[in-house]
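Trainee: Got these off TrEMBL a minute ago, pasting:
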- 2-78: domain 'Daxx N-terminal Rassf1C-interacting' (DOMAIN)
- 75-150: region 'Disordered' (REGION)
- 92-105: compositional bias 'Low complexity' (COMPBIAS)
- 128-138: compositional bias 'Low complexity' (COMPBIAS)
- 257-303: domain 'Daxx histone-binding' (DOMAIN)
Amino acid sequence: QFLSLCAPLTREHPEVLPFLSSRHVRAQPEFRASAEFRNILARLLRRVRSRRRRKIYVYINELCTVLKSRALRRRLPLRSPDPGASRHPARASSQYSGASSQYPGASSQHPGAPSQHPDDPSQPPGAPSRDPAASSSRDPGRPGGSKRQIRHLENLLRVYAGEIRRLQERELDFQELDSADSPYLQENRLKRRMMRIFRRLCQLKECSSLTGRVLEQRIRFRGTRYPEVNRRIERFINRPDAFPDYSDILREIREASGRHGLGLGRKQMENMAQEAFREVGNRLQERRHLDLVYNFGSHLTDQYRPG
């Protein structure tokens, strides 16, 4: 349906639709049959039918970007090493160069190395494959990723953000809530992909992935008169997802006392741990509450004004 709508609008550029079809063929079969892909197509169909035909190439590019991010990665066949390769290194290097010309991307990845599979957690969905074209297009003046890689990931973030927004605005019935592929689960998967893409984008841009949330702010602890104990407790409570209990604080105080020879007695350490635990718990709870206040909400209620 989408191709039939685009055909009369892209007559000036007949090569566009065959390119889109090739992207569709190379996409993962499970993604082409998923509800996520059907939702993206339905949204683009609605936009084309609502007389926004001046942006037809924008919609085609958006669909190509999504299909490219879920494309199948061709794996190189493993070949047994030539027994004469060690005796003739020049011949082995010529054979490898011939294999790299036969398989695009072989020059950037050794055949014995693990392939960049789209389901690999270390490789975020939509991250460009490390091919020679990407490395050659990298700007020699910047040590991070190439402009093409960064632009591709930023475009993916926009596509996923629009899809999440559409899922949040969707009306639900009880059958969809019980479905294994409900809009809530689709939204959760898209958000996790966006976080992986965002972290990869920060690596390519060589910038910090901190977003400025209250939960990311470091807590300074000065609750005791021993700097060694304060430093150890502060380091412990600033770990990711840390919410220590009394025994954790007591253990940190004991280890600091033994390591630095503070000579603290058992009763003194227990009293110190109780006071420190009370202060740490209050500050962690206050930080989480402030983060909830600043971030709770939805774009659906941004325009709401009481009365």
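Glycine is treated like the rest: Cβ placed from N, Cα and C.
The structure displayed is predicted, hence computed values, not measured ones.
Could you place these features in context, so I can see how deep they sit and what lies close by?
Mentor: In the domain 'Daxx N-terminal Rassf1C-interacting' (2-78), helix, strand and coil residues by DSSP number 55 helix, 2 strand, 20 coil.
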Trainee: Averaged over the domain 'Daxx N-terminal Rassf1C-interacting' (2-78), what pLDDT does the predicted model reach?
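Mentor: Summarising the domain 'Daxx N-terminal Rassf1C-interacting' (2-78) by its mean pLDDT gives 81.
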